[in-house]
Amino acid sequence: MGPRPSTKNPTPMMLTVRVALVLSCICPANSIDGRPLAAAGIVVTGDKAVNIYTSSQTGSIIVKLLPNLPKDKEACAKAPLDAYNRTLTTLLTPLGDSIRRIQESVTTSGGRRQKRFIGAIIGGVALGVATAAQITAAAALIQAKQNAANILRLKESIAATNEAVHEVTDGLSQLAVAVGKMQQFVNDQFNKTAQESGCIRIAQQVGVELNLYLTELTTVFGPQITSPALNKLTIQALYNLAGGNMDYLLTKLGVGNNQLSSLIGSGLITGNPILYDSQTQLLGIQVTLPSVGNLNNMRATYLETLSVSTTRGFASALVPKVVTQVGSVIEELDTSYCIETDLDLYCTRIVTFPMSPGIYSCLSGNTSACMYSKTEGALTTPYMTIKGSVIANCKMTTCRCVNPPGIISQNYGEAVSLIDKQSCNVLSLDGITLRLSGEFDATYQKNISIQDSQVIITGNLDISTELGNVNNSISNALNKLEESNSKLDKVNVKLTSTSALITYIVLTIISLVFGILSLVLACYLMYKQKAQQKTLLWLGNNTLDQMRATTKM
């Protein structure tokens with residue numbers, strides 16, 4: 001399937017390439033280090049190069065279906081060649097008629113042209129409904145009408161050549177290559193043995209090869225016999241038609257050997273029949289190739305999560321499936337606009353989403369910042385292979401080591417177990433036997449525990465349970481509020497009126513004033529009493545001294 005069309009205005013290709021190239025020049029990208037994340041149940045499964053493309057290059061393949069035999073040997077293979085020619089005409093004439101109907105539908109102007117155009121497409125569609133893709137393909141077929149006419153102008157010279165690959169350039173607006181898989185067979189095999197082979201052997205050889213090619217043609221054009229706009233021809237179908245000669249056209253269009261295998265796997269190289277001539281048995285196919293821009297410093301990193309053990313049950317990490325990193329910036333990558341191959345991503349546009357600080361910190365190696373969801377069921381596969389080793393949750397399954405024999409136990413609090421050839425050479429998990437060849441070095445963190453605060457609820461059933469608990473708490477709170485209201489209702493409202501409160505405040509202030517005055521008066525009286533006591537004591541002492549003096553005299 002192709003990339004999902006955007007609902008917004010598409011970004012122009014040149015602007016997108018410029019922006020992407022600016023991003024790629026920021027600084028070299030470092031892929032996410034999966035070693036500290038593995039023990040937390042987050043496994044980096046691989047990286048892919050990110051490319052941006054647009055389908056802008058086209059070229060034509062002229063398939064020569066009928067080979068030319070040496071003049072002195074034509075009589076030997078006349079019978080199988082005539083039968084093959086008749087079968088070809090019967091097989092491909094509906095295809096040629098459908099092509100001509102669509103191309104001739106543009107001869108009328110105005111609204112009638114549009115009706116004839118759609119009618120020509122629907123005429124070959126079984127359900128009578130023309131999809132947008134079919135209309136687009138038919139429009140491309142009409143645009144190739146002039147090129148098809150130029151090819152037909154050269155059809156005699158193309159049919160007469162004995163070359164298996166012949167570049168056609170006279171009067172054509174785009175590169176065209178004439179190829180003949182059957183001619184290749186005749187040139188490589190038939191001419192070498194014709195001198196030593198009798199007529200019967202020649203007829204048998206040609207007949208067998210032609211029958212095989214007819215089978216391939218039927219397979220290739222099965223869905224397109226009635227409508228060339230129904231389906232595109234895949235790169236595999238084009239190779240079946242042209243054989244190894246297909247590489248010549250791709251090389252001429254600028255597809256390098258380093259890109260060829262990846263582009264073939266992407267399905268971006270497609271073809272549409274644009275002409276069929278039954279007189280010379282020539283089949284014209286317009287090939288569309290993508291124009292690819294490589295973003296050297298951008299890679300997509302794929303993440304998988306493993307169900308880990310926590311004190312709150314089994315849970316899996318909440319991280320994106322695909323992230324991309326440029327310099328120190330890590331963002332989630334939307335691959336819905338991309339086509340994936342084993343090593344590359346081909347995208348019509350680059351769409352990323354920012355991540356929360358917690359997820360960013362988690363993917364940077366701080367596993368204590370990772371959040372987990374209790375959404376994994378008991379039937380989830382509790383193990384994953386990585387580089388010849390195994391990361392397994394040995395609390396969910398029995399990790400049985402066959403060589404050396406023993407049971408691998410997972411310590412309390414550990415999220416998962418990292419098992420390599422150092423601890424077990426042959427491992428049995430759920431009846432599956434794995435021979436381990438990898439090794440977790442010292443940089444891999446182990447014995448990571450998941451805290452309760454890192455586990456949150458995201459599953460529908462779990463959320464319903466938690467909502468039930470919340471509802472119970474709310475009900476209890478409402479009951480307490482009702483009790484409070486009943487107690488408040490018993491309070492005399494008159495005592496809490498505004499006038500009563502003002503009276504209480506005034507009386508309180510007066511009481512405070514009297515209290516302060518009483519305190520001051522008490523302090524004054526105590527001070528005066530102490531002064532009188534000192535005076536009396538002084539008078540007493542004087543009198544005593546005078547009496548002593550009188551006695552001595």
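Note that Cβ sites are derived from N, Cα and C of the backbone, with glycine treated the same way.
Residues annotated as coiled coil in Swiss-Prot, with sequence analysis given as evidence: 142-170 (among others).
The annotation coiled coil is assigned in Swiss-Prot to 466-491 (among others).
In the three-state DSSP assignment, the secondary structure recorded for ASN85 (N-linked glycosylation site) is helix. Sequence-distant neighbours of ASN85 (N-linked glycosylation site) (same chain, six or more apart, CB under 8 Å from its CB) are LEU66, GLN281, listed in sequence order. Residues or ranges marked as N-linked glycosylation site in Swiss-Prot: ASN85 (among others).
What Swiss-Prot records for ASN191 (among others) is N-linked glycosylation site.
Long-range neighbours of ASN366 (N-linked glycosylation site) (same chain, six or more residues apart, CB within less than 8 Å of its CB): none. The N-linked glycosylation site annotation in Swiss-Prot covers ASN366 (among others) and rests on sequence analysis.
Annotated N-linked glycosylation site per Swiss-Prot: ASN447 (among others), in sequence order, evidence recorded as sequence analysis.
Summarising the annotation, Swiss-Prot assigns N-linked glycosylation site to ASN471 (among others) and lists sequence analysis as the type of evidence.
The feature S-palmitoyl cysteine is assigned by Swiss-Prot to CYS523. CYS523 (S-palmitoyl cysteine) carries a helical DSSP state (H, G or I). Annotation for CYS523 (S-palmitoyl cysteine): no spatial neighbours, criterion Cβ-Cβ under 8 Å with sequence separation of six or more.
Residues annotated as signal peptide in Swiss-Prot: 1-31.
Among the features that Swiss-Prot reports, topological domain 'Extracellular' is placed at 32-500, with the record citing similarity to another entry.
The transmembrane segment annotation in Swiss-Prot covers 501-521. Long-range neighbours of the transmembrane segment (501-521) within the same chain, counting only residues 6 or more positions beyond its ends whose Cβ lies under 8 Å from a Cβ of the stretch, are absent.
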